[in-house]
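Visitor: Sending over a structure as structure tokens; questions will come in a sec.
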Amino acid sequence: MPAAAEQLQLKATYRPTAKLQVFYTGGAARLTRDGKLLACSCSDEVKIVEFTTGAVLRSIKPDGEAVTALAVSPDCRTLVVATRSLYVRVYDMTTGAQLRNWRGHKAPVADLAIDASGGYVATASADRSVKVWDIAGGFCTHHFPGGHGGVVLRAMFHPKNLQLFTAGDDGSVRVWDLVDKSCVYDLKSHFSAVTSLALSPDGWLLLTAGRDKVVVVWDLRSGSKVATVPVYEAVEGLVVLPLGAPFPGVPRHAVDTAALIKGAKKVVHFATAGEKGAIKLWRSDTGSCVSEVAPEVAVAGSAACELTDLALLPAGAAGAASAGSALGPGLLAATADARLLFYTPQDVGGNPRLVLSRQLVGNQDQVTDLRFVGPPAEPSLLAVATNSETVRLYGISNLSCAASLVGHRDIVLCLDGGAATGAHPPLLASGSKDHEIRVWEAASGRCLGVGVGHVGAVNGVAMARKSSRFLVSVGADKLIKVWDIAPAAAATAVAATGPLQLRTIAAVAGHDKDINAVAVAPNDQLVATASQDRTVRVWSLPDLVQVKVLRGHKRGVWTVEFAPLERALLTASGDKTIKLWSLTDGSCMRTLEGHTASVLRATFLTGGTQILSAGADGLLKLWNVASGECVNTFDEHEDKVWALAAGGSQEGLVATGGGDALVCLWADSTEADAAAAAAAEEELAEREQDLQNALADANFSKAARLAFSLKHPGRLLSIITRAATATANINTDPRLTSAASTSSATAGPLGHLLSGLVGAMSDEDLRTSLEYVRDWNTNAKHCHAAQALLGAVLRMHGPDKLLAVQGLSELLRQISVYSGRHLSRLDRLVRSTYLVDFTLESMGVL
């Protein structure tokens, strides 16, 4: 009984706890040297992302133009960004504040490089020139025009020598001396664009790679070519592996760097990434590939598998990226579909292997559907379908992409999950525009079965609620199909020929227009379908005999769901309404109105006593079924909310996804908010009592501080007025006035009140106090209190402190207008006193 009562506890609020949002759309992505932050180009913004959680810490929007290049200083404090506006801007990584900017090229900057000291930045531009700038001063120290015959794609400083390396799309590589500002070597061997530069650990060998499918090793002492390594694919990323690093095929012990001077052939191990999506590890002396990491099956052979960049991960970052046995530094690869892949060397059976330990999806595009995966009370994964052929599984704890489900050939439109039964792990079903449905084992990512039979896009799938015996699918072909998935669910291994072909149990043409959604009753005896023909039809299972037709919506119906405990049905429509239907007689029991656009998703909560809905207006609304009242509205999306799922203990966890490419996790905060409100109310009562006690004791300083903290400007005004009166009484009483009279503004009860109130104010408190002064100053009756508070603020806080107050200039302008009027009025009053003096003097009284 207590458990049931707890389950039916009505919910009132949900709070966003985590977000999966767009942070990388391709281009530059730079990891700080300490491995804590990622700076990623995202269209016309730069997103600063926390490495361990993938959370976006801040967004930097330079000027509204697309970001073309970025670089992070070695001390991880400075970010340099170049945009298509031709400006280069310098930002503080910690605060996101812009430090300086300049415009130095006639065409966009293609690459940026910061030297080892962090004081200089090189800009490689499409205008065929390279410049070196002093970051602190913002002035140009070196200019190398005309060195390349085309766009300068890459720039790199030598970490020890005063040299700069540049590479262009004309296949040329140049070495510049920064002392005499001349070209030391013009290295020509490539026949296509050079996309990557790297130095050997000792700094005497330069490695260059390009789209001509070779890596060339150069001796920087003589400028001669040492070796050419064919890699058989266009290379977009190249890194030299550190000496003794535990990568596959790399000796654990560092090679003597003096060997090259003695004439021995120097061996450099390096990694490449390119158009085939594989990361390959090479030896420079033999030109052999010592190890290869194949691309995910998910993207193999597609444009999405192309790797666009490669970087070395610090050892600390590699350890954070992997839950396994990380041996040392790793590799960071960027893909053409805006994913960041983290590879770490791990000890597998005594041998080091490069393993994909983590991946972050930078741009998941429009979310079409999502479902929780795992035990209903504690789901561990979130399955997300987007405008792609791949279903991705994200860990709920950190929203890191844990796996990718690959097999569909077109966009996945719908998902549904089945609970674990017996020895079988949870299953996941998906439907796609490729006219197929697929059944997956969520734990392993294996596709267990494929259902072929629809002749249009599959818009909805629903699995049996009590078992894993069948699956119902609906689509744009107006068909309803029941599939036997028991053999696939019982399969312990996928056959060599591939997933099992699912068998159709029943099929029927159920509607006159596209079918949008399907739901199976909790007892597995009924199935409901919702269509664009504005009707909802209820069918018996498994033979699909029509039981009822529910009519009442004025537009297409987007979603349908059975009540968990009653014979009722929930529907949501493009007519902006949600309807509750009785399955007994097919009547509409209640209509919920409140959304300003189509209601796209809705689900029951709290044992069917509440409803959570999501609409094309980007809003989530929580309803009480009994009263039909909208309890709360949640606004986190900026576009249509296409996906909604509830899970966790007592539906305490909600996930939403929309056209804004945002996936948001929500947690039930009803109890926490109620407890916080009760605590706040109790604290408020205590402070109110303290305020009353302070006023009774004539403790004006304490009373003023309490009134200000409670945001009671009227009571604060009354307290200041009383303190001013008490101070005036002291100053006019000869028994209390000292020989050395002190101004009433700085002494007495008023002076103590103002010094205690104003002295410790924050910037926000100062703004609030000036707003009070502005409001009080509009009334001549209260102007004296306003001027006293203003005077205290100006005396006790210097210009630097006051200039940090937001909106200070406008506040002072408004205050000065009425202050001028009060000054004129007081001046007139003072002049009128002269007439009294003249009259008394004429009467001989004075």
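Each position is counted from 1, following the chain as shown.
Even glycines carry a Cβ here, placed using N, Cα and C.
Just so it is clear, the model here is predicted, and its values are computed rather than measured.
I grabbed these lines from TrEMBL:
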| type | residues | note |
| --- | --- | --- |
| DOMAIN | 688-843 | domain 'U3 small nucleolar RNA-associated protein 13 C-terminal' |
| REPEAT | 102-135 | repeat 'WD' |
| REPEAT | 145-186 | repeat 'WD' |
| REPEAT | 187-228 | repeat 'WD' |
| REPEAT | 405-450 | repeat 'WD' |
| REPEAT | 451-493 | repeat 'WD' |
| REPEAT | 508-541 | repeat 'WD' |
| REPEAT | 550-591 | repeat 'WD' |
| REPEAT | 592-633 | repeat 'WD' |
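Looking at the shown structure, what environment does each listed feature sit in?
Guide: Listed as Cβ neighbours of the repeat 'WD' (102-135) (distance under 8 Å, sequence separation of 6 or more from its ends, same chain) are residues 68-75, 77-78, 80, 82-88, 90, 141-157, 159-160, 164, 166, 168, 176, 178.
Long-range neighbours of the repeat 'WD' (145-186) within the same chain, counting only residues 6 or more positions beyond its ends whose Cβ lies under 8 Å from a Cβ of the stretch, are 110-116, 120, 122-126, 128-130, 132, 192-199, 203, 206, 208, 210, 212, 218, 220, 223.
Mapped onto DSSP helix, strand and coil, the repeat 'WD' (187-228) counts 0 helix, 25 strand, 17 coil.
Tertiary neighbourhood of the repeat 'WD' (451-493): same-chain residues 410, 413-419, 421, 424, 427, 429-433, 435-439, 499-524, 527, 529, 531, 539, 541-542, 544, selected by CB-CB distance under 8 Å and a gap of 6+ residues from either end.
Across the repeat 'WD' (508-541), the model assigns an average pLDDT of 95.
For the repeat 'WD' (592-633), the DSSP-based tally of helix, strand and coil residues reads 3 helix, 25 strand, 14 coil.
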Visitor: List, by number or range, the same-chain residues at least 6 past the repeat 'WD' (592-633) whose CB is under 8 A from its CB atoms?
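Guide: Distal contacts: 7-14, 555, 558-559, 561, 563-566, 568, 570-580, 639-646, 650-651, 654, 656, 658, 660, 666.
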